Amino acid sequence: QIVPLWIAPNVLTFSGFVMILFNYFLISFYDWDYTASGTSPGRVPTWVWLFSAFTTFCAYALDSIDGKHARRTQSSTPLGELFDHGLDSWATSIFVLSFFSVCSRDNGKTGVSVYTMYIYLSIVLFNFMCSHWEKYNTGVLFLPWGYDISQVVVIAAYLLTGTVGVEVWQKPLLFGYYITDVLVILLIGFSLFLSFPQTLYNIHRAHLKKTLKNDSLYEGLLPLVSPLLLFVLLTVWVVLSPSNILAKQPRLFLWMVGVAFSNVICKVIICQMSSTRPELLHWFLFPLALVVYAAISGLLGWMEEAVLGVFTALVTAAHVHYGVCVGRQLSEHLNIYIFSLKKRVQE
């Protein structure tokens, strides 16, 4: 009700994304290697945690009202849908990577290992993938309530850290378990026993009602091939890296995971929206496979970290370029502006 009618819905969507992106880089400045919260008191200023809670809440609120505002201004378009879900696919990993700074990496006493961080991120991205795989097959995007709960938990964690201090994460909560242990257990439990089964149930129900968009099992499973191969290659790199690349550059590696996933899943979202067949193998998989092979075979040697940095930069640039190009093409095709409600003047 309070958003002016002249503001384009995509402005709300993009504003929320920029806020969480700015918050991520702010936390990264104080805690690049995820160790700042492992000391008591932590090395991240209190105001940063409170600012994180504020930006997370704002991003969550803006992401929740952009669609309502689009319907209110009668400006709902495929461009807005893609803009929303495309940024969500990237923001999902950024939320998680920012949260890792709260609990810090394992220092022998408290914190979580970088491998747990990788698993945690993979599970969250897997749930996001399942939601859009479900929509690809059923035409309906079912968002489990776990999404809302996760946002509330993250905001509460930032507020708790800002008011009490990082010490709260360094003390056992119950039966020798820390808060981080409980959160990981809950995440895995909700994913395996609630979210994923719900996805399968919704697809099964659509099959019984004969409302599936794809009758062929091959067509139905096709969107899963590239994302799953992506995680297989990344996991091979994590496990077999001669220099233990994840431990040396956790923030850089996990950022690359999130960006690569976002680009792969954006292709699935576009195929779902346009009712077209997704490609079997995403082009990211080929250079990634070469890099992984060179890394685990020892060909990169001491250059593994540098190659990771270059590859991450290229993947990020390619993803941004892809998003800009698709946005421009849809803007021209639909005769609308991305960040304005004004119509384009047709020549």
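Glycine residues also receive a Cβ, built from the backbone N, Cα and C atoms like all the rest.
These come from TrEMBL:
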- 7-26: transmembrane segment (TRANSMEM)
- 46-62: transmembrane segment (TRANSMEM)
- 112-130: transmembrane segment (TRANSMEM)
- 173-196: transmembrane segment (TRANSMEM)
- 217-240: transmembrane segment (TRANSMEM)
- 252-270: transmembrane segment (TRANSMEM)
- 282-300: transmembrane segment (TRANSMEM)
- 306-324: transmembrane segment (TRANSMEM)
Region pair the transmembrane segment (252-270) / the transmembrane segment (306-324), three or more CB pairs under 8 Å = yes
Would you kindly list the residues that approach the transmembrane segment (306-324) from elsewhere in its chain, counting only those six or more residues past its ends and only Cβ-Cβ distances under 8 Å?
-> 86, 90, 245, 249, 252-253, 255-256, 259-260, 262-263, 266, 284, 287-288, 291, 294-295, 300
Maximum Cβ pairs under 8 Å to the transmembrane segment (282-300) - stretch from the list 7-26, 46-62, 112-130, 173-196, 217-240 | 217-240
State, in range form, which of 7-26, 112-130, 217-240 has the highest count of Cβ pairs under 8 Å to the transmembrane segment (46-62).
-> 7-26
